[in-house]
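If you look up TrEMBL, you'll see 111-319 marked as domain 'Aminoacyl-transfer RNA synthetases class-II family profile'. Feature annotation from TrEMBL assigns Mg(2+) binding site to Glu256.
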Amino acid sequence: MEQQLNELQSQALEKIAAAADLKELNDIRVAYLGKKGPVTEVLKGMGKLSAEERPKMGALVNVVRETIANAIEEKQTVLEAAAIEQQLALETVDVTLPGSPVKIGAQHPLTRITEEIEDLFIGMGYTVAEGPEVEQDYYNFEALNLPKGHPARDMQDTFYITPELLMRTHTSPVQVRTMQKHGGRGPVKIICPGKVYRRDSDDATHSHQFTQIEGLVVGENIRMSDLKGTLDVFAKKMFGADREIRLRPSFFPFTEPSVEVDVSCMCGGKGCSICKGTGWIEVLGAGMVHPNVLEMAGFDSTKYTGFAFGMGQERIAMLKYGIDDIRHFYTNDLRFLKQFSVHE
Ligand code: PHE
C-alpha cells in the first residue's frame, strides 16, 4: 500500500509538472484529490489493515495528499502569473506608433474670404447685418432709386417670384432695411454678406447665384476720401501691402457719384494675362449714397452723407487664389476644396 501511495504521488507530481494551463491543472486536482480519486480509493482499503499499520498509513495518506495539494497550488501560482503575462503581452499598446490621421474638412474658400472681409471691417467698427434672400421689389430696387420701369434695372437681370417678390440681386436691400431701423439717426456702419441671384447663363465668369459683401457708412461729414481710404485699407489687407487702388467714374442708380474700383495687379503694372495687360484689376463698385436713397430711408440728406461699396467674394477669391472658373465654387470637387485646408 505504501508503494502504491508513493507511485500515486510521483505520478501526480509528474502530471502537475507537465500541466500546461489552469484547466489541465484543475482536472489533475479533481482526478487525484477528488472523492472518486485514487487517494480516496486507497483510504477505502485501510479497513483491511492491522491496528498498528492503520495510523501509519493514515499519516502517509495525509502526507501524499498534502504534497500533491501543495504541488498543485505552487503550479497554479506559476500558471496564473504566466496567464497574466500572456494577457499583458497581447494587450500591449505601442505608444510610439503614429496615430491614424483624422481627416479634417477645409473651410470653403468663399466662407474663408467672407470671414476675412468681415473680420477686417469689424476691426474698423462695422457690424454685420443680414437680410432675406427672397426680397420685396421695394427693398431690392425702388428704395434704391430704381423705380419700376427704370432702364438700369436691366443691369441686374432678375428672378421674379411674383411681380412684387424676387430673389435679391444684391445685398443692398439689407442696407435699406438697416437704415430704416435707424429712424433717421446716424451713424450707420455695416457690412452685408450673403447670397444673391441673377438670371445669368453660367459660364467661367458668370453664375446665376453668387455671394456678395456690401458696405454702408452713413454719418455727418462722410466724404469720398473716407471711402477711398477705407477701400485702400481693404485692398492692402486682402491682396498685399504693395497693392494700390484707383477709382474710375461709373454709374449706379443708388450712388452719386459712382465709381468702379481697381486694384493694381500682382504683375506690378508690367501687364499680364490676369490684368489683360492693363496693370489693373476691377474688384468692386462703390460711390456716395444718393440723396434720394437717404431720404427714402428716412435720413435728412442735407445733414447726412454716406458711402457704399459692393463686391463679389467669388471675384476676390479668384484673384487671390488664382482660380480660373467660377463654377469650381459650386461643384464641390474635393480636389479643389482640399486645397483650402489649413491642416494638410
Ligand atoms: N449693389 C451693387 C451691385 O450689386 C454694388 C454696389 C454697392 C455698387 C454699393 C455701389 C455701391 O452691383
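Glycine is treated like the rest: Cβ placed from N, Cα and C.
For the domain 'Aminoacyl-transfer RNA synthetases class-II family profile' (111-319), the mean pLDDT of the prediction comes to 94.
Around the Cβ of Glu256 (Mg(2+) binding site), a 10 Å sphere holds 15 further Cβ atoms from the protein chains shown.
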